[in-house]
Amino acid sequence: MEVFPLLFFLSFWWSRTWDLATSDSIIHIGAIFDESAKKDDEVFRTAVGDLNQNEEILQTEKITFSVTFVDGNNPFQAVQEACELMNQGILALVSSIGCTSAGSLQSLADAMHIPHLFIQRSTAGTPRSGCGLTRSNRNDDYTLSVRPPVYLNEVILRVVTEYAWQKFIIFYDSEYDIRGIQEFLDKVSQQGMDVALQKVENNINKMITTLFDTMRIEELNRYRDTLRRAILVMNPATAKSFISEVVETNLVAFDCHWIIINEEINDVDVQELVRRSIGRLTIIRQTFPVPQNISQRCFRGNHRISSTLCDPKDPFAQNMEISNLYIYDTVLLLANAFHKKLEDRKWHSMASLSCIRKNSKPWQGGRSMLETIKKGGVNGLTGDLEFGENGGNPNVHFEILGTNYGEELGRGVRKLGCWNPVTGLNGSLTDKKLENNMRGVVLRVVTVLEEPFVMVSENVLGKPKKYQGFSIDVLDALSNYLGFNYEIYVAPDHKYGSPQEDGTWNGLVGELVFKRADIGISALTITPDRENVVDFTTRYMDYSVGVLLRRAEKTVDMFACLAPFDLSLWACIAGTVLLVGLLVYLLNWLNPPRLQMGSMTSTTLYNSMWFVYGSFVQQGGEVPYTTLATRMMMGAWWLFALIVISSYTANLAAFLTITRIESSIQSLQDLSKQTDIPYGTVLDSAVYQHVRMKGLNPFERDSMYSQMWRMINRSNGSENNVLESQAGIQKVKYGNYAFVWDAAVLEYVAINDPDCSFYTVGNTVADRGYGIALQHGSPYRDVFSQRILELQQSGDMDILKHKWWPKNGQCDLYSSVDAKQKGGALDIKSLAGVFCILAAGIVLSCLIAVLETWWSRRKGSRVPSKEDDKEIDLEHLHRRVNSLCTDDDSPHKQFSTSSIDLTPLDIDTLPTRQALEQISDFRNTHITTTTFIPEQIQTLSRTLSAKAASGFTFGSVPEHRTGPFRHRAPNGGFFRSPIKTMSSIPYQPTPTLGLNLGNDPDRGTSI
């Protein structure tokens, strides 16, 4: 190690001596390097020293050189320094600068006919972008590109296609020109790939901190999902720092797969990148052939290379850049070209050229020297160095390295393949474990029962259980395509898995962590915590959180007929009926109406109330009201009744035909705002952890999850949460409860419920998905993911979904009202109240009838005389016999015999209680009556019917018989005599011809 500085110093001093003694040599070359490329200068001087010591190439001639440093992005300075070198006299110009200055030197070299060997240099080890130097069709292009063209676009596209990536992100550092991969971006866009770009700033820690400060939890989760597939286009130092930051901040998980592409990656960088990364890592770098014989590594033909450059164990050789290697080979190529010119004796002496003078001529030997260089070729540190017709070096090889599956942190790498522009990819990037397919492989599958993902279809004693469901269908599709078989069992604790206090995992995830199962499948969601311990395939179904609620049942209200009006309104209507009835009675009492002859009605309070009620229910009334005040009152009342009854009828129809029982909970936001319905989820599940994480996040702007967490975490989660999803579903069905769970599971339950008693609400944003879990580092993850993507693109996955979640199910998922309740014929429950009112009326009327009968019999028992019964029955006869006079001037009026006219009375039409006694009781032709006058009796002549008259014995009445009938009250009015004096009234038959005049109101019956 101490010898190297001494040798390097001696070599530098020796080469520098030749630099000063330019007048003693005929070989002089100029070099222009970027001021930051000090190592290029060191290697250049080492190469000149090695060649000057090799007497077989230049024999006695020695190479002298002049080196100058410029700003790589300052074309004017580069041209100025090149002119100084040409003025000294040079055979060739070697440059290791950026593309901006290279274009200016190209124009100068073409003008002065000086061969220009350009080695493109990348800034700080950043991947190169194409320089795009203008190439003329003529043979006067004196610039030769030593480094091969940039093939990063072709290599990345081939690798990404081999891995079947459909979505990934590209990170590039601030020094990289993104236009270098424009061709790649165009091609992947045409193939339908989803590609994102992100620039990595120099301060990586600040950039990561900004991400956490500006992104919400959902955005960070989506960002983590994007980072699962990434391409890093940056220098090795930046790549190592970036990987360390994202790993420490938990932005990537063990299932990530990153590709790093850079020509400048050396062996030391590879080991460091693998050590810092997690997951799978693929490295693409430019490689150079190395002799298999260790003793020949420092020999190239007849030339011996300095051991500091060819020994892989030498620190200087380990840290050399690719541009250093090409500079050494460039000097070697020029030395061989000079040797060829000297050997052919076609040497052209150097000339001092001036770039400033207008009449300056180019070098005459420039064309010959250029052709000699282009036709020559050497085998150096970069392999074969030669030039094609376009002046470029076509020889380039890329090496593809990758980490093996199943290796732990700090794992090694192996060579997966190589790529070159001629043959393309040589090798396979797939894991060797899957090269022979999966025929004969038996996988042990762990699951959790969850409808409709995994369900037991057959359970026969002594035989393995058979399972069915959506996840089982997906697993069968993978099995049929890849050819593997599987054995399935249920997780012992029937849980999906969550981290425990001691750092271990339980449930399905725990079975994978402890390697008791190969894969796990069910309604298993992809979460960041789970991705830290197991691998996941790409999602095969989107996931969202939903809420299961019970539909509002149609309550059996026997008095639904009263529902259209509020209780207060019913009370107002009842009070209005009583008030209007009372007002009608008072108006008639103050201004009694003049009733027509023969009217049997009376305007009592009872009749007024009955009339108002009858008109209200649109059944009419019996009392005619003729006064203007009463009619005005009744007109307003009828208008009021019309509006009220119409409104009632319309509302009753709406209440009985369309049940409006809508729930107020239609979203997660509504659920979080209310406290009447308790809600919860499965304890320690992904939903539970999801709500907890968001509810306790101080940076969460939405307070919805904070409110939900307060409800779910009551009594440390034991009050409102359940241990299994089935318990939560049963709790919803038979209690006042809302179950927060996977929307897909809840939708299946709601669709297939026999009573259609459930409905679901939730968000439509699918921020996560269901995936198949595998052991960390499993070789089956990528092949499973690729097949899942194929199922989704072909539409087969949608067919499987429709099998378990049909579009037209028997139940409506999202309506809080049963479809059967929305319309249809009315049932007995709808009108039960009407029947109850009718039954109450019937029972009440029967009770009143019994009471009236009892009262009548009790009253009749106090007048046991049969004659008194006849008097009571004859009261109705007196009302219909027009034989009483109300004239106040004749209290004891005597009636003539000719005026006696008993109106025939149709006895058959009278009710039993009012019918006359048998005609045989009146054989003595005398009618026994009482001496009272009923109130308001009218003078109306009636005629007895023939049947009634046939029962009487008509005889000649020689004289008119009289008897006491009426009494004058002390006040001059008539009143019923308190003493019912029995008197005989002789019956006087009416001639036959006079029967048709019985209805004459002017005639009466003489008594």
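All positions are counted from 1 along the displayed chain.
Even glycines carry a Cβ here, placed using N, Cα and C.
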Is it true that Swiss-Prot lists Asn720 and Thr853 on the same side of the membrane? no
Would you mind telling me which one of Ser599, Ser883, Ser899 Swiss-Prot calls phosphoserine? Ser883
Swiss-Prot annotation, disulfide partner among Cys256, Cys298, Cys310, Cys355 for Cys83: Cys355
Cα-Cα, whole number of Å: Asn713 (N-linked glycosylation site) versus Phe76 (site 'Essential for dimerization')? 72
Glycosylation sites considered: Asn426, Asn713, Asn716; fewest surrounding Cβ atoms within 10 Å belongs to Asn716
Taking only the Cα atoms, work out how far Cys83 (disulfide bond) lies from Phe76 (site 'Essential for dimerization'), in Å, as a whole number. 11
Just to confirm: which same-chain residues, 6+ apart in sequence, have a Cβ under 8 Å from the Cβ of Cys131 (disulfide bond)? Cys99, Ala102, Gly103, Gln120, Ser145
Within 10 Å of the Cβ of Cys355 (disulfide bond), how many other Cβ atoms are there? 15
What's the number of neighbouring CB atoms sitting within 10 A of the CB on Cys298 (disulfide bond)? 18
When you rank Phe76, Cys298, Cys310, Cys355, Asn426 by Cα distance to Asn716 (N-linked glycosylation site), which of the recorded positions ends up on top as the closest? Asn426
For Phe76 (site 'Essential for dimerization'), identify the closest of the recorded positions Cys298, Cys310, Cys355, Asn426, judging by Cα separation. Cys355
Three-class DSSP secondary structure - Asn426 (N-linked glycosylation site): strand
Rounded to an integer, what is the Cα-Cα distance in Å between Cys355 (disulfide bond) and Cys310 (disulfide bond)? 39
